[in-house]
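> The N6-(pyridoxal phosphate)lysine annotation in TrEMBL covers LYS194.
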Amino acid sequence: MKIDTLAIHAGSDPADASAGPVIPPLQLSTTFRRDEEGNFSSGYMYTRHGNPTRTALEKCLAALEGGEDAACFSSGSAAAMAVFQALEPGDHVIVPEDMYMGIQNMIREVMTRWQLEFSFVNFDRIRDYLKPRTRLIWIETPSNPLMKVTDIRAVTALAAEKGITTVCDNTFATPVFQRPLELGADLVMHSSTKYMGGHSDVLGGAIICRQRGDFFDRIRQVQTLGGGVLSPFDCYLTLRGIKTLACRMRVHDANAMQLAGWLAAHPQVEKVFHPGLPHHPGHETARSQMSGYGGMLSFLVRGGRAEAMKLINNCRLFTHATSLGGVESLIEHRASQEGPGSLSPENLLRVSTGIENIDDLIEDLERGFHN
Ligand SMILES: *Cc1c(COP(=O)(O)O)cnc(C)c1O
């Protein structure tokens, strides 16, 4: 089935629904009755270990990414942490230097205390950083906030040759536009807080595996024994959001592409970072592994930080807020959001293009530049 169809039907078992509800019910019970023999013949015992609404979401996410199984967590960060906690002390991990700031902070402030060694690298020279104990390579593409593109096929082929596990943070692209498991990745990570949920009202995260195996079993253990699970209500909201994922993504993509072109031609803009623009250094790679570019872009305002802040404050439709992937457009000054240690230029603004009418979005920015 095509992704538009999967987004609507995956996770709801047609056999179960033959004479019942069309939508998988929200199952709030934390505990499940045993049968007369004392067994859990419903398949469920206690909601931390498993819950029918969570199973529906996990099946749906596995189907969307073309994987065998998925584990849902209370946030994208909890999902990422489960991957690191599935490693052994002394393992070495390669992560990109342009990486989601929250996960960088988790690595620096929490995970390095657990005897894991991390190298933040430029993936053009990834071979130089491989060590005998390199166990995991973390890919994020397109990256946050510079929209750098990593060649998933090339990195996962190198990793497979060395027996290294690969994870791809697919939050920006979503499986509508990029399917890392088909390109060779072992695992996909999502912050479902973003496009999956799609309405800026539910946190969540997931790890999806191409094939079950020892490493995914450990991630599952961290999920059920550690307890950072997604609540049934949040699973329900996320499933609800996913039904429109494919059609939302097409509008995000078309709007962002048009906005990127308009900004690139604007005299008050120094540079635009969007993988769909032909001058973007990752454009050819993006074209070879993505079927659309998604709703994210960033740009440099001519004149520096003050001019960038002025533009943000002049906007009426674009909301000045962090996060991304909701139906509404957001604009953000990343350097001040990321704080000390941020590599984002002071005149860089990041945009999460929503699904409003593009003419209204352009008009809002035009007014912002002129006020
Ligand atoms: C938001 C985000 C995360 C973290 O997810 P949370 O749900 O906020 O914990 C990780 N990676 C990317 C690319 C993100 O945008």
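Each Cβ is built from the backbone N, Cα and C atoms, and glycine gets one as well.
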> Which of the three DSSP-derived classes (helix, strand, coil) applies to LYS194 (N6-(pyridoxal phosphate)lysine)?
coil
> In sequence order, which residues at least six apart in the same chain have a CB under 8 Å from the CB of the residue listed as 'N6-(pyridoxal phosphate)lysine'?
GLY76, THR171, PHE172, SER323, LEU324, GLY325, GLY326
